[in-house]
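Copied over from Swiss-Prot:
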ACT_SITE  Glu568  active site, proton donor/acceptor
COMPBIAS  58-69  compositional bias 'Gly residues'
COMPBIAS  83-94  compositional bias 'Basic residues'
DOMAIN    496-649  domain 'N-acetyltransferase'
DOMAIN    721-825  domain 'Bromo'
MOD_RES   Ala2  N-acetylalanine
MOD_RES   Ser302  phosphoserine
Amino acid sequence: MAEPSQAPNPVPAAQPRPLHSPAPAPTSTPAPSPASASTPAPTPAPAPAPAAAPAGSTGSGGAGVGSGGDPARPGLSQQQRASQRKAQVRGLPRAKKLEKLGVFSACKANETCKCNGWKNPKPPTAPRMDLQQPAANLSELCRSCEHPLADHVSHLENVSEDEINRLLGMVVDVENLFMSVHKEEDTDTKQVYFYLFKLLRKCILQMTRPVVEGSLGSPPFEKPNIEQGVLNFVQYKFSHLAPRERQTMFELSKMFLLCLNYWKLETPAQFRQRSQSEDVATYKVNYTRWLCYCHVPQSCDSLPRYETTHVFGRSLLRSIFTVTRRQLLEKFRVEKDKLVPEKRTLILTHFPKFLSMLEEEIYGANSPIWESGFTMPPSEGTQLVPRPATVSATVVPSFSPSMGGGSNSSLSLDSAGTEPMPAGEKRKLPENLTLEDAKRLRVMGDIPMELVNEVMLTITDPAAMLGPETSLLSANAARDETARLEERRGIIEFHVIGNSLTPKANRRVLLWLVGLQNVFSHQLPRMPKEYIARLVFDPKHKTLALIKDGRVIGGICFRMFPTQGFTEIVFCAVTSNEQVKGYGTHLMNHLKEYHIKHSILYFLTYADEYAIGYFKKQGFSKDIKVPKSRYLGYIKDYEGATLMECELNPRIPYTELSHIIKKQKEIIKKLIERKQAQIRKVYPGLSCFKEGVRQIPVESVPGIRETGWKPLGKEKGKELKDPDQLYTTLKNLLAQIKSHPSAWPFMEPVKKSEAPDYYEVIRFPIDLKTMTERLRSRYYVTRKLFVADLQRVIANCREYNPPDSEYCRCASALEKFFYFKLKEGGLIDK
């Protein structure tokens with residue numbers, strides 16, 4: 001986007017001229033330029049009737065949410081008051097309307113009269129009394145020029161009622177802006193209000209429509225806009241997810257866009273306090289555009305209004321994202337009790353992660369989502385289904401149909417169920433199936449999703465969970481829990497930075513690199529400072545920086561070798577007064593996710609004796625799987641240090657892993673409690689210990705088997721410890737199963753063309769081709785996973801097809817065969 005060479009200076013922070021003073025002749029007021037700063041304006045006179053100010057004053061509030069009725073729509077109450085005021089004046093008798101317009105109309109008695117507006121000889125003594133006073137007579141003389149009112153409104157005699165009402169709407173907006181200029185404390189904002197005030201006055205005078213002209217340009221100011229970029233981000237990052245999870249991300253994106261459209265930006269003065277000087281001029285241009293085209297028109301609807309996310313792009317988003325993200329997350333955290341339970345988890349758990357991933361694409365150097373020709377053809381079943389992403393009526397309003405994503409081409413969630421089923425044997429499970437038959441079809445360990453969702457609502461509902469406040473960390477909380485919470489609240493930030501010669505790194509990055517050099521030098525005293533400085537500022541090295549309160553408190557310096565398939569970790573440190581807070585673990589987790597994104601799945605590092613413990617906790621091992629030929633001569637060797645390796649799993653969301661495990665444990669605990677509540681029988685206590693018995697087998701405890709407990713001792717002994725041996729065994733077994741005559745229905749995934757509703761009935765589809773791919777990718781780390789998938793192949797077939805079908809007969813034959821082979825290979829009990 002081509003930006004103006006300098007920020008516009010709308011007009012000086014002078015007061016507007018009195019409402020009855022002469023106004024300039026032109027209708028389309030050019031957007032103010034710096035040259036206008038030398039032209040003072042007269043002191044204002046009282047407004048005819050005070051009205052609501054434009055949505056959300058920005059002078060003292062800064063960036064954040066206004067104090068309107070709806071916390072997500074700053075200024076909504078001002079907008080309502082303005083609408084009510086306009087409805088009042090439009091309902092006045094025509095004589096009263098002409099009187100109000102006469103106040104803004106020049107006298108036409110003769111060419112020598114310079115009166116720019118009729119002054120009532122009997123002005124109202126109190127605010128809003130002008131509506132209660134009787135209409136002035138057209139013959140009533142002006143207090144200033146002593147010409148009758150008729151000479152001021154003669155041009156309105158043959159004007160339609162609709163045009164009169166349009167002009168009256170601008171009158172109310174002028175009154176609003178007049179009050180805003182008085183109330184506003186910020187100089188830049190006051191200047192824009194004053195400029196718009198003059199523009200609307202001239203439009204009333206000349207009966208034209210307002211047009212903002214000058215160096216600001218006209219919308220849209222950037223392409224692609226913010227909305228398109230965010231939707232590209234969802235497609236780019238989440239198209240591989242299941243439809244339900246992908247729809248969740250889509251709804252989060254729409255919620256973010258909606259909040260951004262009603263968010264109040266910080267003033268240029270506030271922006272200047274936290275940013276480097278070269279960014280301020282560009283931000284001031286965008287801020288002025290935002291006021292003129294987006295913010296003020298929310299309540300002054302005489303001005304054309306545009307959505308922030310439709311007319312701005314990456315430039316503005318880069319300027320505001322960090323502070324907006326922090327304030328938005330803090331707002332939702334404070335108002336979490338206002339959220340409906342099913343949305344609380346969505347916002348408090350998934351939204352922070354969503355914003356973190358979006359931040360990487362906003363500030364990343366080569367993100368494809370901002371390319372004008374971004375295309376990512378969706379695979380089968382990856383199209384997003386636009387739905388109103390309402391979170392709560394008290395927090396985020398429902399989406400307008402005019403926003404992107406609500407086209408007629410959207411998929412219907414119920415469309416698949418209405419298609420006629422082609423002729424064939426496959427059909428749903430008969431309704432008359434007995435309970436015992438249904439139990440037999442289930443794969444061991446399956447839990448109904450309805451039950452899991454119910455438990456999730458319980459453990460995320462503060463009212464349903466007794467005990468201490470969840471925001472207080474327990475003694476056995478995960479190491480990175482504190483850091484994760486601080487990141488969600490915007491207290492800490494993570495940025496991948498590095499020195500650059502072409503183009504030259506900006507000032508903020510250079511300051512952070514100096515801070516990193518100081519942290520590494522202080523925490524690694526045995527490492528020469530010159531050596532640290534050389535690597536930190538080397539353009540080939542990057543650093544994941546941990547930022548708190550605008551300063552660097554830690555980081556991991558690394559060098560990527562994409563052609564060799566690994567990254568070397570060079571330095572890793574957190575400043576001493578910020579340690580033992582989980583920052584080191586969270587740093588490493590962010591680094592892992594960054595490398596998964598760039599398809600590098602191995603870390604190598606030389607750890608000294610003090611760092612070995614830390615790296616072991618982060619999943620590093622002294623067992624090096626990367627061939628020596630791939631790293632020899634590439635990485636730096638240190639005397640007395642130990643080479644360690646960490647292999648990354650691309651399926652693991654590392655920054656949320658401990659939180660996910662915690663949630664899984666809570667779910668299991670609640671499910672166990674529900675299971676225990678279903679067991680009505682109460683057994684007497686054990687008396688054997690009174691007789692001197694010190695220990696008994698667990699299986700001898702009365703009622704233990706009824707709870708679902710099973711002895712695990714025998715199964716543990718059969719687990720193959722050697723991964724290569726397990727892989728070979730399972731590979732041979734799967735090959736025998738695939739060659740069985742009855743395996744033909746299960747060789748490949750079921751095609752939708754053959755069974756349109758299959759994936760609605762079967763929640764966890766599996767087939768022998770998928771199992772082969774999983775085996776090849778070393779998914780089956782235990783034989784239990786392999787056996788479970790085999791069982792699910794059979795269970796899915798029996799659930800979807802009638803018992804007497806050919807498919808079920810094949811399933812039964814194959815089941816007997818593979819159980820025989822499993823027993824023969826010693827993989828299950830005989």
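Just so you know, glycine gets a Cβ as well, placed from its N, Cα and C.
Across the range of the domain 'Bromo' (721-825), the DSSP-based residue counts are 72 helix, 0 strand, 33 coil. In the three-state DSSP assignment, the secondary structure recorded for Glu568 (active site, proton donor/acceptor) is strand. Cα of Glu568 (active site, proton donor/acceptor) to Cα of the residue listed as 'phosphoserine': a span of 60 Å. DSSP assigns Ser302 (phosphoserine) to coil in the three-state reduction, outside any helix or strand.
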